[in-house]
Amino acid sequence: MNFLRKTLFPFAILYGFITSIRNFLFDCGILKSHAFPIPVIAVGNLSVGGTGKTPQIEYLIRLLSNKYQIATLSRGYKRKSEGFILANPTSNAEILGDEPFQFYKKFPNIQVAVAANRKNGIERLLSLPNKPEIILLDDAFQHRKVKAGFYILLTAYNDLFINDFMLPTGNLRESRSGAKRANMIIVTKCPKDISELAQNKIKEALINYNNKKAEVFFTFIDYDDKIYSANKALNVNEVKTASKLLLAGIAKPESFFAHLQSQNDECLVYPDHHHFLEKNITDIKEKAKNKIIITTEKDFVRLSEKLNSDNLFYLPIKSLFVNNEKKFDKKIINYVESSTTNG
């Protein structure tokens, strides 16, 4: 934590007080939460950015979409549109936001929608002729006007919420006690070989903020063994020693760079959800002469429309469980099968 953020601690106390009052009003029913008559699963975190929500949503889509009609509902952060939008063939990353557009491109058999007002978004989805059977709420842990039936709280292994502080001193959107709303906690971005002892130590620390009711799971990021352009694929091992331009506009891109980087590579870092401007594209083209460009899947959906290059590739990732994958799947499926209302 840098010195400037430490000096902002009084504002963190004030912000924590305001969010605690808001949560208290929802908990007491003074502020209303709206439930819906289908399974609604909310995936989110207590902190800002970098916990791996997108691969976790994609895991749930793969788990459930073979049997159920799925819809994802996101805010569509930094999109250049307003209101409720249901993804369609004319949609792009600027209209939907990068993550929803990635869902739409990757999973053509599901419905993808964006709405800042999640209550209105769900109502619009349920008014469709082919309305969804399950709704996955992306980054909605703090969106308390909707009462989801199942809450999955994510926290990154190297940045556990129990060690964090309220904004602006730290990165917490609400106090650690907000974890009590979680039905399940997933520690993301773990070492693949994390020991059982380390897992148990983290579990004991986390459930103290959850009234000991949530089960804790551990996942790691699994990188694909290939990179993909619009029309071809290359093995990662083939390009690892080649001279490359690595580019990321995501929160906490260090592991992405570490996985691909060799001695002669150049890395470009942009803010999370960055809108690539013409000057950015010019700079990328200049630096990428005689090199392949590798970026994240989320950045690829934004860049590919502006950087028409056969040398632009992305590296897909998945969220996989260190252990207890079947146990996780069963809990989700049991909730869906037993849920007729979220009330």
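Keep in mind that glycine also has a Cβ here, set from the backbone N, Cα and C atoms.
As the structure is a computational prediction, the values presented were derived from the model and not from experiment.
For SER47, VAL48, GLY49, GLY50, THR51, GLY52, LYS53, THR54, the entry in Swiss-Prot reads ATP binding site, with the evidence type sequence analysis.
Structure with Swiss-Prot features highlighted.
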residue : record           : Cβ contacts under 8 Å, 6 or more apart
SER47   : ATP binding site : THR155, ASP159, PHE161, ASP164, GLY170, ASN171, LEU172, ARG173
VAL48   : ATP binding site : LEU167, ASN171, ARG173, ALA251
GLY49   : ATP binding site : ASN171, ALA251, LYS252, ASP272
GLY50   : ATP binding site : ALA156, ASP159, ILE250, ALA251, LYS252, ASP272
THR51   : ATP binding site : ASN45, LEU154, THR155, ALA156, ASP159, THR188, LYS189
GLY52   : ATP binding site : LEU154, ALA156, THR188, LYS189, THR219, ILE221, SER319
LYS53   : ATP binding site : VAL43, GLY44, ASN45, GLU99, ASP138, ASP139, LEU154
THR54   : ATP binding site : GLU99, GLN102, ASP138, LYS298
- Env. residues of ATP site, Cβ within 8 Å of mean position of SER47, VAL48, GLY49, GLY50, THR51, GLY52, LYS53, THR54 Cβ: ASN45, ASP139, LEU154, ALA156, ALA251, LYS252
